[in-house]
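Peer 1: Pasting the feature list from TrEMBL:
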- 31-54: transmembrane segment (TRANSMEM)
- 74-93: transmembrane segment (TRANSMEM)
- 114-132: transmembrane segment (TRANSMEM)
- 144-163: transmembrane segment (TRANSMEM)
- 175-194: transmembrane segment (TRANSMEM)
- 214-231: transmembrane segment (TRANSMEM)
- 244-269: region 'Disordered' (REGION)
Amino acid sequence: MLVLLQAVLGFDNLLYITIESRRVEASKQAYVRRMGIGIALGFRLILLFVILFTFNAVTEPLFGWSEGFVHGEFTLRALLTLAGGAFIIWTAMKEIFHLLSVDHLEHAEAVGKRPVASALALIVIMNLVFSFDSLLSAVALSERFLVIAASIVVGGILMIWLSDHVARFLEKNRAYEVVGLFILLVVGILLVTDGGHLAHLTLFGYEVHAMSKASFYFVIFIMVGVSVTQSKYRNKLMAAREEAARQGVPTTEPDVGLLQTKENSPAEA
């Protein structure tokens with residue numbers, strides 16, 4: 001059960017690791033993924049040890065805020081969840097704007113490669129952000145350190161194995177990288193609303209409610225479905241354009257031109 005929990009909650013983490021590793025040189029991407037997951041695995045075990053012995057301190061209010069239009073009681077868990085969600089939103093938005101603002105993406109990626117140390121640091125930090133809430137959920141299921149630690153190690157090994165497969169998929173299907181960034185954006189929104197709910201946060205008199213997991217997965221399902229449908233439709237249009245070009249159909253609508261050509265071919269014969 002704990003291994004399944006770590007696998008489900010670690011998918012968004014794996015997605016970020018794969019996207020971030022693409023920012024370094026191609027020859028070092030696999031190394032960055034594996035080393036990043038390995039280092040983060042050690043920090044997760046340390047974080048688990050700390051949470052087990054300071055669980056009450058993590059969930060007890062640290063301070064309250066009742067100034068202006070913001071009211072809430074903030075725990076360490078709420079603060080870390082809010083900060084992690086905000087960081088994920090910022091990271092996703094930055095990468096999305098980068099994809100939209102660059103004219104020649106291939107050239108920009110070749111020139112603007114990130115240092116390995118920087119990529120590793122970001123992967124480890126983000127891994128801890130993603131892991132914090134899943135570790136609290138794991139502690140709620142079992143308080144035995146060895147049981148949870150074993151599930152974390154098994155989950156880490158699965159992530160190392162899956163990371164190469166996800167990286168190869170994104171390499172062959174670059175359009176899905178945009179979908180991955182928007183999934184990270186939704187994950188950040190999910191964490192921010194969770195943090196606001198944990199802090200009993202109210203803005204302008206309206207209480208912040210946690211985004212339901214059903215809504216989260218529904219949004220992800222719609223995003224992936226739209227992307228897959230659009231990709232298949234684009235491939236059909238490209239195939240129609242190539243067929244129209246081979247037949248010398250002078251039209252800006254290749255699918256319509258191809259259809260007309262096929263309809264006229266029996267009469268010509």
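Residue positions begin at 1 at the first shown residue.
Cβ from N, Cα, C; glycine included.
TrEMBL does not curate its annotations; it predicts them automatically.
For each listed feature, how buried is it and what is near it?
Peer 2: Remote same-chain partners of the transmembrane segment (74-93), defined as residues 6 or more beyond its termini with a Cβ less than 8 Å from a stretch Cβ, comprise 16, 57-65, 126, 129-130, 132-133, 136, 181-182, 184-185, 187-196, 198-199.
Distant neighbours of the transmembrane segment (114-132): 9-10, 12-13, 16-17, 20-21, 23-24, 28, 31-33, 35-37, 39-40, 43-44, 47, 77, 80-81, 83-84, 87-88, 91, 191; these residues of the same chain sit at least 6 beyond its ends, with a Cβ under 8 Å from one of its Cβ atoms.
Residues of the same chain lying 6 or more positions beyond the ends of the transmembrane segment (175-194) and with a Cβ under 8 Å from any Cβ of it are 12, 15-16, 18-19, 22, 81-82, 84-93, 95-96, 99, 129, 133, 169, 208-211, 216, 219-220, 223-224, 227, 231.
Only residues 6 or more beyond the boundaries of the transmembrane segment (214-231), in the same chain, are considered here, and those with a CB under 8 A from a CB of the stretch are 173, 175-176, 178-179, 182-183, 186, 190.
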Peer 1: Quickly jot the same-chain residues contacting the transmembrane segment (31-54) by Cβ under 8 Å, restricted to those at least six beyond its ends, or write none.
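Peer 2: For the transmembrane segment (31-54), the list is 17-18, 20-21, 24, 116, 119-120, 123-124, 127-128, 131-132, 135-136, 138-139, 143, 145, 148-149, 152-153, 156, 159-160, 163-164, 167.
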